[in-house]
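Shown below is the structure under consideration.
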Amino acid sequence: MEHHHLRLILLLLFLFLPTTCFSFSFQTPSSNEFSNQSSSSLKQQILELANSPSTVKWMKRIRREIHEHPELAYEEFRTSAVIRRELDLLGVEYKWPVAGTGVVAKIGYGSPPFVALRADMDALPIQEMVDWDHKSKVDGKMHACAHDAHVAMLLGAAKILQEMKDMLQTTVVLIFQPAEERGTGAKDMIQEQVLEDVGAILGLHLGAEYPTGVVASRPGEFLAGCGSFEAKIKGKGGLAGVPQHCFDPVLAASTSVISLQNIVSREADPLDSQVLSVAMINAGSAHDIIPDSATFGGTYRAFSKKSFYGLRKRIEEVIKGQAEVHRCSGEVEFCGNEHPTIPPTTNDVRIYQLARQVSSKIVGEDNIELAPLFTGSEDFAFYLEKVPGSFVLVGTRNEKSGSIHPAHSPYFFIDEDVLPIGAALHAAFALSYHSYSTNSYPL
């Protein structure tokens, strides 16, 4: 029992007390690369486990297997089977199916609050254009957003945590989530109670915005909320040569589109970034006939919840108001299976600080960046509406390996040297959460 307490104290010392930054090694660590204190350093232990040749090779194999067989939202049956196979080999208990194809595993036997780690699983309907040995074997489908690597890194964390299970003071919940690209997977997982007793959650996402090994995030508002709308304006059609007998829906739609732009340019605070774009409009099919109706649609984005839902309210008011001015009626639909509404991703300030401190110990303070606001969206936001958490970007840009293209590109490729970094970040966050949540060390 005394030995267990000593190791817990060492965990706090090495993860949270100021120390010289440790530069993460992407090569197999030799015995000379670690100090004589490595056997007692839990930080070093995490890094050694994550960066061991066998673990790195294992994570690469898993990532490549999943990459060769991409599956779209709610079709991740093979991917789920790979996850369950590896969890079985690790001796980790799990629940399946969750939300159709999801897997939820647990490590440790500590009491609540638990800590959750999340990885998404689904691929994209994109034809891969990268020519390499493990190219997608499924026409028209590709892991172009690094979800294959996310799964491999979380399994890597499971391996580390399972080997260090005696150090856990709480239970770690591993969430392998389907359908992030659909924007509905997180909501479905939440509905199946995956956040029960969870006190904090961490999500990692790889991207070429930063060099390999750089970790970036920000407290508070981070990613924009994203919504889509489709409006239908009904009027009274007729001959374009005698418009006085018509209620012109094209004119009503046109003025609506122009008026919508005034919401951002004249109603929104210039320092409160918002986007409202109309990207689709359809009306009649003849040049001399005014149609009975016109439809148009677009997207809206904002970083604060107040602005996001306020923007949605004004979109409906403007469209219906302009329709009425032109003696037409307007209907606006916001929710749909193809384009669901995703709220802003807002990091909890305190959990962000924990994630930042842990990351600085893993990759070094020089590799920590304050990320800017991004107008992209993530359904991880749904978890953050329920429990405190942090969403973190991990860089994978490496020109030598070809990891330079943005997500959702057919040329998207990742530097696999990032895999042990992500696994170590997940594991270190989980191992340190309980002490942080109970305020048992000075901030």
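Each residue, glycine too, has its Cβ placed from N, Cα and C.
Bear in mind that the values here come from a model prediction, so they are computed numbers and not experimental data.
Copied straight from TrEMBL:
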type: SIGNAL; residues: 1-23; note: signal peptide
type: BINDING; residues: C145, H147, E181, H205, H408; note: Mn(2+) binding site
type: DOMAIN; residues: 225-323; note: domain 'Peptidase M20 dimerisation'
Could you please provide the mean pLDDT value for the domain 'Peptidase M20 dimerisation' (225-323)?
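That region's mean pLDDT is 96.
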To which of the binding-site residues C145, H408 does the lowest count of other Cβ atoms within 10 Å belong?
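Looking at the binding-site residues C145, H408, the Cβ with the fewest others within 10 Å is that of H408.
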Over all shown protein chains, what is the count of other CB atoms within 10 A of the CB belonging to H147 (Mn(2+) binding site)?
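Around H147 (Mn(2+) binding site), other Cβ atoms within 10 Å: 29.
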Tell me the Cβ neighbour count for H205 (Mn(2+) binding site), meaning other Cβ atoms within 10 Å of its Cβ, over all protein chains shown.
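Summing over all protein chains shown, H205 (Mn(2+) binding site) has 23 other Cβ atoms within 10 Å.
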Could you name the residues, excluding C145, H147, E181, H205, H408, of the same chain that surround the Mn(2+) site, i.e. Cβ within 8 Å of the Cβ centre of those residues, in sequence order?
D120, D122, L124, H143, A144, A146, E180, A407
Relative to the Cβ position of E181 (Mn(2+) binding site), how many further Cβ atoms are located within 10 Å?
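There are 20 such Cβ atoms around E181 (Mn(2+) binding site).
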